[in-house]
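Colleague: Sharing a structure with you now.
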Amino acid sequence: MIEPIMSPYLTFDRQHWAQLRNSVPMTLSESDLKELQGINDHLSMTEAVEIYLPLARLLNLYVAARQSRNGVLHQFLGNTESAPPFVIGIAGSVAVGKSTTARLLKALLSRWENHPKVELITTDGFLYPNKVLTERGIMHKKGFPESYDIRRLVEFVSEVKAGQPNVTAPVYSHLTYDITDEMKVVDRPDVLIIEGLNVLQSGMDYPHDPHRVFISDFLDFSIYVDADSQLIEKWYIERFMKFRQGAFKKPGSYFSHYTALTEAQAEQKARSIWETINGKNLVENILPTKGRAHLILRKGLNHTVEEVLLRK
C-alpha cells in the first residue's frame, strides 16, 4: 500500500489490492463475464478476481454496517418498516468502462445473502428526449449536465431511497439514441447502483444555486472509473469503429449513416466527436468530480486496473 503525504486516499497497487479479497470465492463463470463486458472492454477472470472481488467484499462490509445501523435505529424508534437501499454511484467518462464495472458489481453483490436484491439504473434514461434537446438547441451537448432531466432523476432516487415500492425509471436506447416508451420498475432493492457521467456532481459545481439537490446527496458509496484522457480517447475511437461494423448496421440505428463512411473518414468523425463533445464534457464536468469519490479505479492499457485509491 502506498500512502502519499497529505492525500485523502489510501493508494493500493494491483498486487496489494488483490490480497484484500480475503478468500472470497468467485461465483461467476467465464461465460458470465463475457456477457457482462462492454463491446470494447477486456474483462478477464484475473481482473474480476484481483480487482472486483476485493471491491465487492468492501461494499458488502459497507452494506452490512449500514444494515446494522438501520437495525439499531429501527429498534430504538420501534419502527418495523424495511430499511432503505444502499445506493452506490459509479461515474467516469464515456468509453472508460463504467457500464461493465456496474454490471459486474451488480452480479457479484447479488450473490451475498444479506443483500441479494440488487438493481442497476443508468442515468441515460433521464436524458431529455431528442425532441426536447433539439427544441432547446442543445442536441450537440447530449451527455452534458444540462441535457438531463435532473429533477426527475432526483425524484426517482429519492422515492427509491424512501422505500417506496415499484418506482419507475425511463429506459434509453443506444440503438435509436433516444428515450423509449419502456419503463424499468425498481421495487425496494437492498442495493441500488446508479451509473452515469455526472453522478458525482454537487453544490460545489453550482455555487450560485445553494438550494439545488443532486444525486450525490443520496449516495452511500461512490466509485470513479479513471484513466488517462488520451487512453480514453483511443478507447472511444476503437469502440466507435466496432459499433460501425455492428450496432450501426442494425435496422433503426440512429447512426446508420456512419456505415457509409470509409475507414479513415469514420475514424476522423469519431475523433471529432470526442474532441468537440465527449472529451470536452470530461474536462469540464466529469473529471472535476473525481476527487469526491470514495474509491477510484485507475485503469491503464487494455482496460486493466493498475491502481485503486480508497478514501481514508
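Positions of Cβ are set from backbone N, Cα and C atoms, glycine also.
Not my notes, these are from Swiss-Prot:
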- Gly92, Ser93, Val94, Ala95, Val96, Gly97, Lys98, Ser99: ATP binding site (BINDING)
Colleague: Return one of helix, strand or coil for Gly92 (ATP binding site), based on DSSP.
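Modeller: Where Gly92 (ATP binding site) sits, the three-state DSSP reduction gives strand.
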Colleague: Where does Ser99 (ATP binding site) sit in the DSSP three-state scheme?
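Modeller: Going by the DSSP assignment, Ser99 (ATP binding site) falls within a helical segment, counted as helix.
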Colleague: Neighbour count, 10 Å Cβ-Cβ cut-off, for Ser99 (ATP binding site): what number do you get?
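Modeller: Cβ-Cβ neighbours of Ser99 (ATP binding site) within 10 Å number 22.
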Colleague: Return the residues near Ser93 (ATP binding site) by Cβ distance under 8 Å, restricted to its own chain and a separation of at least 6 in sequence.
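Modeller: Set apart from Ser93 (ATP binding site) by at least 6 residues yet with Cβ under 8 Å, we have Leu197, Val225, Ala227, Ser229, Ile232, Asn278, Asn281, Leu282, Ile286, Leu287.
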Colleague: Mind giving me a neighbour count for Gly97 (ATP binding site)? Other Cβ atoms within 10 Å of its Cβ, every protein chain shown.
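Modeller: Here the count is 25.
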Colleague: Enter the number of other CB atoms within 10 angstroms of the CB of Val94 (ATP binding site).
Modeller: 20
Colleague: In the same chain, which residues outside the set Gly92, Ser93, Val94, Ala95, Val96, Gly97, Lys98, Ser99 have their CB within 8 A of the centroid of the CB atoms that define the ATP site?
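Modeller: Those within range, site residues removed, are Val225, Ile232.
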